[in-house]
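Novice: My questions all concern the structure below.
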Amino acid sequence: MADYKVKDISLAEWGRKAIELAENEMPGLMELRREYGPSQPLKGAKIAGCLHMTVQTAVLIETLKALGADVRWSSCNIFSTQDNAAAAIAKAGVPVFAWKGETDEEYEWCIAQTVKGFSGDGLPNMILDDGGDLTNLVIDHHPELVPKIFGISEETTTGVKNLYKRLSKGNLPMCAINVNDSVTKSKFDNLYGCRESLVDGMKRATDVMIAGKTCCVCGYGDVGKGCAAALRAFGARVVVTEVDPINALQASMEGYQVALVEDVMADAHIFVTTTGNDDIITSEHFPHMRDDAIVCNIGHFDTEIQVGWLEANAKEHVEIKPQVDRYTMENGRHIILLAKGRLVNLGCASGHPSFVMSNSFTNQVLAQIELWSNRDNGKYPRGDKAGVFFLPKALDEKVAALHLAHVGAKLTKLTPKQAEYINCPVNGPFKPDHYRY
């Protein structure tokens, strides 16, 4: 019996071509293969992975394999899998359990397949997560696995919040590296990635003309900043909602109106949630929206939009096409919901471009190497002394440096006198840890 489950294994050849194309746009991962391949720093690591099964993730998986790891994989979202990529990885011999359009039950089953079936004792000893679902499964439902896990690397804001919440409650029994807040992840993937992939998803889903429209962006963190910039670049009038006065002031200084959802719910053509919170667009808002208002989310989970209320209270629900649903309200107006309230850029398009994901995934590989290489020396302790850590600044700068040549960038070199003047090494790190980029 094949140790994988994908939509259609015959898509593997198509997926392989897409992976080869992505490799050319992912210089960080390819350089790690060249640098670390001979030394096999992940030999013996058995990584349970739960991250969007895209073409770009396929390049990550094959990089982990090239560095010696044993890997089993599932997607962290029911709609984000690219079936050609999953097929290609399965055909290459990696146990992958992912397909686009999983049910919630199938999603849970897929994740469960990644915590068994490894060589040796069959169990994983490392976790690579995006959103926290795999981490929660292991800690909450498989206590027998906890003593075997040496560490976690977490990809996204939502998953990092989960780690810190667990830590505050004394329920994080192993150390984790917060990949999300590496500068070369959050200030690139979250901002520049969303700046390109949000509109890609919206246009593939609806063919909407953005110019001249009023768009409400809920949240002005790095993701919200990228989304607002993209919509404005297409000619939209952008209104931002925020709870944090610092982010609200940033939005104001960029020229955005900062208001409440209630202030614009009757006028906005497009609503985008970016907060990672819940109950952002609610039953209080839907009845007041204009006809055919588009509502979508680019936060990790489907908690930001009250989709359940729409399904229970709409007079009619029509699926226009996969991931595009039109609800008829009691007042006769319609709401267009994209990706069923889940990640619109992955549900309705193919996610972030390969180049920016190379930044993020290079961080992931370095985090796995860091945790695995230091598993026995006490640097990342277990139990009561476990914590959430960051990659060192030198590695953050290394990730950026690996991508400069691809975009034709050249670095200026400090002289010894200049380095002494600003009190940093000639070759970096160039900024203190508290520096905010």
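A Cβ is built for glycine as well, from the same backbone N, Cα and C atoms used for every other residue.
Taken from Swiss-Prot, the feature substrate binding site covers Thr54, Asp130, Glu155, Lys185, Asp189, and the record attributes it to similarity to another entry. Positions annotated as NAD(+) binding site by Swiss-Prot, on the basis of similarity to another entry: 156-158, Asn190, 219-224, Glu242, Asn277, 298-300, Asn345.
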Novice: Between the Cα atoms of His300 (NAD(+) binding site) and Asp130 (substrate binding site), what distance do you get, rounded to the nearest Å?
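Specialist: Checking the Cα atoms of His300 (NAD(+) binding site) and Asp130 (substrate binding site) gives a distance of 9 Å.
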Novice: State the count of C-beta atoms found within 10 angstroms of the C-beta of Glu242 (NAD(+) binding site), not counting that atom itself.
Specialist: 23
Novice: Using Thr158 (NAD(+) binding site) as the reference point, find which of the binding-site residues Thr54, Asp130, Lys185, Asp189 has the shortest Cα-to-Cα distance to it.
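Specialist: That would be Asp130, nearest by Cα distance.
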Novice: Can you tell me whether DSSP puts Thr156 (NAD(+) binding site) in helix, strand or coil?
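Specialist: Going by the DSSP assignment, Thr156 (NAD(+) binding site) belongs to neither helix nor strand, so it counts as coil.
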Novice: Work through the binding-site residues one by one (Thr54, Thr156, Thr158) and point out the residue whose CB has the fewest other CB atoms within 10 angstroms.
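Specialist: Minimum Cβ neighbour count within 10 Å, taken over the binding-site residues Thr54, Thr156, Thr158, occurs at Thr158.
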Novice: Taking only the Cα atoms, work out how far Lys185 (substrate binding site) lies from Thr156 (NAD(+) binding site), in Å, as a whole number.
Specialist: 9
Novice: Across the record's substrate-binding residues Thr54, Asp130, Glu155, Lys185, Asp189, the largest CA-CA distance in angstrom?
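Specialist: Between the outermost Cα atoms of Thr54, Asp130, Glu155, Lys185, Asp189, the distance is 17 Å.
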Novice: Just checking the binding-site residues Gly219, Val223, Glu242: which sit within 10 A of Asp189 (substrate binding site), CA to CA?
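Specialist: Cα filter at 10 Å returns Val223.
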Novice: Considering the binding-site residues Gly219, Gly221, which residue's Cβ sits among the greatest number of other Cβ atoms within 10 Å?
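Specialist: Answer returned by the neighbour count: Gly219.
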Novice: Can you tell which of Lys185, His300 has the most other C-beta atoms within 10 Å, given these are the binding-site residues?
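Specialist: Top count of Cβ atoms within 10 Å goes to Lys185.
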Novice: What does the structure give for the C-alpha distance between Gly219 (NAD(+) binding site) and Glu155 (substrate binding site)? Integer Å is fine.
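Specialist: Distance (Cα to Cα, whole Å): 20 Å.
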Novice: Hey, how far is Glu242 (NAD(+) binding site) from Glu155 (substrate binding site), Cα to Cα, in Å?
Specialist: 24
